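**Q** What follows is a structure written as structure tokens; I'll ask about it next.
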Amino acid sequence: MSSIKIECVVNEGYRIGESPLWDEKEGALLCVDIAGRKVCRWSPAAGRAQAIAVDAPVSSVALRKSGDYVITLGTRFAALKWKEQLVTTITHVDKDKPNNRFNDGKVDPAGRYFAGTMAEEIRPAVLERHQGSLYTLFSDLSVVKNFDQVDISNGLEWSLDHKTFFYIDSLSYSVDAFDYDIQTGKIGNRRGIYKLEREESIPDGMCIDTEGKLWVACYDGGRVIRLDPETGKRLQTVKLPVDKTTSCCFGGKDYSEMYVTSASDGMDKGWLSRQPQAGGVFKITGLGVKGVPPYPFAG
């Protein structure tokens, strides 16, 4: 095992950093600050982070085949033109739930954008239960609701053979799998594959490596864990210098670097003084595995 190195590459103190995404064309890392209402882009070459402010909590960002990005904003799927700093609404969900917002989202191998909702938090991980749903935005810009009764819709990923969809509803403390039909985008046969242990705390965002193993960021657990979805066993734990690790992705030239976002919301002064990098984005090298490039939204 090569020696693992962890460094804070973006120390902007995001309130809720989320949804890291490698944009190969730009050679840059994207992420969002949900509560800070901004979409952020960090270029390692330039060594600086830029941000675009938006008018609602923004919870995920994805590449778009036609260029630029798509985002989940409040309860809207929206398009973002980076240069023009222009946001246009694609469609609304959860219109009957004014207290809801989107949370994590990701594009499947066929170019559909999956994203789930949740009730706004009273404080971190405290909210009205079962208010969320998981949606799919298709390339023709139509939306389908997959299921409801979700607490905190979080990590999403697909197996390398595209036959399994992995999903996290955070307050279930479980990583779940569904059978996946890549032709239609339909999911079914839900089952749990890993239950988090107490010290791992709350499962948040996740990604997959080229060996088909899942990496899950543990909110309040200060770590990412590597899981084997076949056996349900934890293979590895990588601890970070902040507690509120929120999501992870692979990036860099050959997708051998892992990027981990974190949050600072809900931390008091003492806690923040002990963890000055809370809300930062971390780069992990030396994991000895590579990730899978993100899929662009086809619409």
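Using N, Cα and C of the backbone, Cβ positions are placed for all residues, glycine too.
Residues or ranges marked as active site, proton donor/acceptor by TrEMBL: ASP204. Annotation comment: TrEMBL describes GLU18, ASN154, ASP204 as divalent metal cation binding site. What TrEMBL records for ARG101, ASN103, GLU121 is substrate binding site. Annotated domain 'SMP-30/Gluconolactonase/LRE-like region' per TrEMBL: 16-264, in sequence order.
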**Q** Give the mean pLDDT for the domain 'SMP-30/Gluconolactonase/LRE-like region' (16-264) on the 0 to 100 scale.
**A** 97
**Q** List the Cα distance (Å, whole number) between ASN154 (divalent metal cation binding site) and the residue listed as 'active site, proton donor/acceptor'.
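**A** Between the Cα atoms of ASN154 (divalent metal cation binding site) and the residue listed as 'active site, proton donor/acceptor', the distance comes to 6 Å.
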**Q** Rounded to the nearest Å, what's the C-alpha distance separating ARG101 (substrate binding site) and GLU18 (divalent metal cation binding site)? Just drop the number here, would you?
**A** 14
**Q** Centre the Cβ atoms of ARG101, ASN103, GLU121, go out 8 Å, and tell me which other residues of that chain have a Cβ in range of the substrate site.
**A** ILE34, PRO57, SER59, ASN100, PHE102, THR117, MET118, ALA119, GLU120, LEU127, ILE152
**Q** How many neighbouring Cβ atoms, not counting its own, are there within 10 Å of the Cβ of ASP204 (active site, proton donor/acceptor)?
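**A** If we count other Cβ atoms within 10 Å of ASP204 (active site, proton donor/acceptor), we arrive at 29.
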**Q** Between ASN103 (substrate binding site) and GLU18 (divalent metal cation binding site), find the distance joining the two CA atoms and give it rounded to the nearest Å.
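**A** Computed Cα spacing between ASN103 (substrate binding site) and GLU18 (divalent metal cation binding site) is 9 Å.
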**Q** Rounding to the nearest whole angstrom, report the longest C-alpha distance spanning ARG101, ASN103, GLU121, listed for substrate.
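**A** This binding site's residues have a maximal Cα-Cα distance of 11 Å.
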**Q** Once near-sequence residues are set aside, which residues in the chain of GLU18 (divalent metal cation binding site), 6 or more away, have Cβ atoms under 8 Å from its Cβ?
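**A** Within the chain, GLU18 (divalent metal cation binding site) has Cβ neighbours under 8 Å at CYS31, VAL32, ASP33, ILE34, SER59, SER60, ASP104, GLY205, THR246, SER247, THR261, ALA263.
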**Q** Can you name the residues of this chain that are 6 or more positions from GLU121 (substrate binding site) yet have a C-beta less than 8 Å from its C-beta?
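**A** Listed in sequence order: LEU127.
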**Q** Counting every protein chain present, what is the number of Cβ atoms, excluding its own, within 10 Å of the Cβ of ASN154 (divalent metal cation binding site)?
**A** 29
**Q** Whose Cβ lies within 8 Å of the mean position of the Cβ atoms of GLU18, ASN154, ASP204, the divalent metal cation site, other than those residues?
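**A** Near the divalent metal cation site, the remaining chain residues are SER19, ASN103, ASP104, ILE152, GLY155, ILE168, SER170, GLY205, ALA217, TYR219, THR246, SER247.
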